[in-house]
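Just below is one structure, and these are the notes that go with it.
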Ligand SMILES: O=P(O)(O)O[C@H]1O[C@H](CO)[C@@H](O)[C@H]1O
Ligand SMILES: O=c1cc[nH]c(=O)[nH]1
């Protein structure tokens, strides 16, 4: 069994999949943290691996950038591969002065400028939230590891390069901590399909503070606090 985007067979994925946007972050994590690791997808370079972490089976797969991309991969994982939990491990831009480079965000919910939820034809606005069960586990683990973390709302945007340069400020005014590009669709897919999802983010750059942004290689390899929290709760 395969999908147009995933050559894995049924049973190739663990019940929990960690999903960075960058497939090379998936590769780095799999090679450095998993035992008995094997590659289960390579279609379109969207690398996916399954192995064990401290004896527990875990999968790691890139999601690509943006809601259409994570929407496809997460939908197929939930519906075709019996995956129960997806934990996004992404990078994000801070839009809050108290949220600094390399801080970790545990996302309670996601706002969006995307039309993702229009497909449900609801008579109002869908609030995309993470799984409380996964969120609680992540908070416990972050406390145990004594990492610098924030729990709160984020923005999932269709736009990385935004014509309206003040948009992020308005999201900040309503309490959002950071901007990224996938979580709203992931949380919506999980809610629609009766599954669980969580997002952990590491701040890679700041839209509000004058701090040196991280390099592409640092985003691929050095966001280890977030990676380790996700592995522990998988
Ligand atoms: O580092 P990842 O997980 O890809 O996440 C962030 O980085 C990409 C933009 O540079 C978007 O996918 C955004 O959500
Ligand atoms: O989507 C993203 C990710 C990282 N930094 C940003 O500014 N935006």
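Cβ atoms here come from the backbone N, Cα and C positions, even for glycine.
Taken from TrEMBL, the feature active site, proton donor applies to 205. According to TrEMBL, the purine D-ribonucleoside binding site annotation covers 5, 180, 181, 182, 204, 205. Residues annotated as phosphate binding site in TrEMBL: 21, 25, 44, 88, 89, 90, 91. Annotation comment: TrEMBL describes 16-228 as domain 'Nucleoside phosphorylase'. The annotation site 'Important for catalytic activity' is assigned in TrEMBL to 219.
The two recorded residues, residue 90 (phosphate binding site) and residue 180 (purine D-ribonucleoside binding site), have Cα atoms 8 Å apart.
Among the recorded positions 181, 182, 219, the ones whose Cα sits within 10 Å of the Cα of residue 25 (phosphate binding site) are 219, in sequence order. When the binding-site residues 5, 91, 180 are screened for a C-alpha within 10 angstroms of the C-alpha of residue 205 (active site, proton donor), the residues that qualify, in sequence order, are 91.
Ranked by Cβ neighbours within 10 A across all protein chains shown, the recorded positions 5, 25, 44, 88, 219 are led by 88. Residue 89 (phosphate binding site) is surrounded by 26 other CB atoms, counting those within 10 A of its CB over all protein chains shown. Residues within less than 8 Å, Cβ to Cβ, of residue 182 (purine D-ribonucleoside binding site) and separated from it by at least 6 positions along the same chain comprise 21, 63, 65, 66, 67, 69, 70, 88, 90, 156, 199. Residues 21, 91, taken from the recorded positions 5, 21, 88, 91, 205, are distinguished by a CB atom under 6 angstroms from ligand 1. It is 21 Å from the Cα atom of residue 5 (purine D-ribonucleoside binding site) to that of residue 89 (phosphate binding site). The recorded positions considered are 180, 205; of these, 205 has the fewest other C-beta atoms within 10 angstroms of its C-beta. Counting only the Cα atoms, the space from residue 91 (phosphate binding site) to residue 204 (purine D-ribonucleoside binding site) is about 6 angstrom. Sequence-distant neighbours of residue 181 (purine D-ribonucleoside binding site) (same chain, 6+ residues apart, CB-CB distance under 8 A): 21, 65, 66, 67, 156, 157, 158, 160.
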